[in-house]
Amino acid sequence: MRAILRGLLPATLLPLAAYAQEATIKEVHDAPAVRGSIIANMLQEHDNPFTLYPYDTNYLIYTNTSDLNKEAISTYNWSENARKDEVKFQLSLAFPLWRGILGPNSVLGASYTQKSWWQLSNSKESSPFRETNYEPQLFLGFATDYRFAGWTLRDVEMGYNHDSNGRSDPTSRSWNRLYTRLMAENGNWLVEVKPWYVIGSTDDNPDITKYMGYYQLKIGYHLGEAVLSAKGQYNWNTGYGGAEVGLSYPVTKHVRLYTQVYSGYGESLIDYNFNQTRVGVGVMLNDIF
């Protein structure tokens, strides 16, 4: 299985580069592509009806963490030999199911985001994947241009989110949420807020909102060709949260050099209640702009 995954990773990420930057597109529904707008991008119609669109960022980085949550994976026969250095990568794609479902600037869409932490250098234990989070979504999105105090609201999105690590007990972690995502931009600034409401069972992680809160805030700043980004979640009642800061810069037309720092709780589902600081550097195919 690991050999298959190693082969699939480059085969999956490389074709995505073709869609990471602006392509020759045909404007539809009077909603031209807008920098940083997921929904306006999905309203663009390519010649290929099976085109996949970036949803979140797509990257691959080599990382090292201040501490490793060995207790959470103690049932794995290799847990004591787990290493602090890992390859972390994220694949995030979206597909429009129905453009114009509720008007010319609306779309019914689906997305899939996968984030993995791979013990690549741990050859002694056959380089296992310590954790992988699978996050499919179904959503209704609107591209807008409402203006207020210099800001333009670009995306309004409402949907259902499932997030799971695909494990069985005792390492199973999952939760389901209804969410709203709002994205606005002002010049070189982008701000996105995504509040959510947890539904269904959280028996695997009953206190997850204690550490992950009820919303995510994302901020981006376009500095020349570089993009500085920050996102995080915080529970004001408990004082727990986590934040990620990233900086990317283009090195070719389709590839960006990317540096990332994550600090706090909730970097992954298995680490939702574990505090750490992780630093990584690698490549990215598309940033939030």
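Glycine too: its Cβ is placed from the backbone N, Cα and C atoms.
Among the features that Swiss-Prot reports, signal peptide is placed at 1-20, with the record citing similarity to another entry.
Long-range contacts of the transmembrane segment (53-65) within its own chain (CB-CB distance under 8 A, at least 6 residues past either end) are made by residues 9, 13, 16, 19-20, 38, 41-42, 84-96, 111-113, 246, 258-260, 276-288. Marked as transmembrane segment by Swiss-Prot on the basis of similarity to another entry: 53-65 (among others).
Per Swiss-Prot, transmembrane segment is recorded for 85-99 (among others).
Residues annotated as transmembrane segment in Swiss-Prot, with similarity to another entry given as evidence: 106-118 (among others).
Positions annotated as transmembrane segment by Swiss-Prot: 129-148 (among others).
Feature annotation from Swiss-Prot assigns transmembrane segment to 151-164 (among others); the stated evidence is similarity to another entry. Sequence-distant contacts of the transmembrane segment (151-164) (same chain, six or more residues past either end, CB-CB distance under 8 Å): 34, 36-40, 133-145, 172-186, 191-192, 196, 269.
According to Swiss-Prot, the feature active site, proton acceptor maps to His162. The local packing around His162 (active site, proton acceptor), expressed as other Cβ atoms within 10 Å of its Cβ over all shown chains, amounts to 14.
Other Cβ atoms within 10 Å of the Cβ of Arg167 (Ca(2+) 2 binding site), summed over all protein chains shown, number 18. Taken from Swiss-Prot, the feature Ca(2+) 2 binding site applies to Arg167, Ser172, supported by similarity to another entry.
What Swiss-Prot records for 174-186 (among others) is transmembrane segment.
Per Swiss-Prot, transmembrane segment is recorded for 189-198 (among others).
Per Swiss-Prot, Ca(2+) 3 binding site is recorded for Asp204. Asp204 (Ca(2+) 3 binding site) falls outside any helix or strand according to DSSP and counts as coil.
Taken from Swiss-Prot, the feature transmembrane segment applies to 217-223 (among others), supported by similarity to another entry.
For the transmembrane segment (226-234), the list of distant contacts is 192, 212-213, 215-220, 240-249, 256, 264, 266, 287-289: same-chain residues at least six beyond its ends, Cβ to Cβ under 8 Å. Annotated transmembrane segment per Swiss-Prot: 226-234 (among others), in sequence order, evidence recorded as similarity to another entry.
Residues annotated as transmembrane segment in Swiss-Prot: 242-250 (among others). Long-range Cβ contacts of the transmembrane segment (242-250) within its own chain (Cβ-Cβ under 8 Å, at least 6 residues beyond either end) map to 57, 211-212, 225-233, 256-267, 284, 287.
Positions annotated as transmembrane segment by Swiss-Prot: 256-265 (among others).
Feature annotation from Swiss-Prot assigns transmembrane segment to 275-286 (among others); the stated evidence is similarity to another entry. Outside the transmembrane segment (275-286), and at least 6 residues removed from its termini, the chain residues within Cβ reach (under 8 Å) are 13, 16-17, 19-21, 54, 57-69, 88, 248, 251, 254-265, 267.
The Cβ of Ser172 (Ca(2+) 2 binding site) has 15 neighbouring Cβ atoms from other residues within 10 Å, across all protein chains displayed. In sequence order, Asp169, Ser172, Arg173, Ser174 are the residues of the chain that are 6 or more apart from Asp204 (Ca(2+) 3 binding site) and have a CB within less than 8 Å of its CB. In terms of C-beta pairs under 8 Å, the stretch of 85-99, 106-118, 174-186, 217-223 lying closest in packing to the transmembrane segment (129-148) is 106-118.
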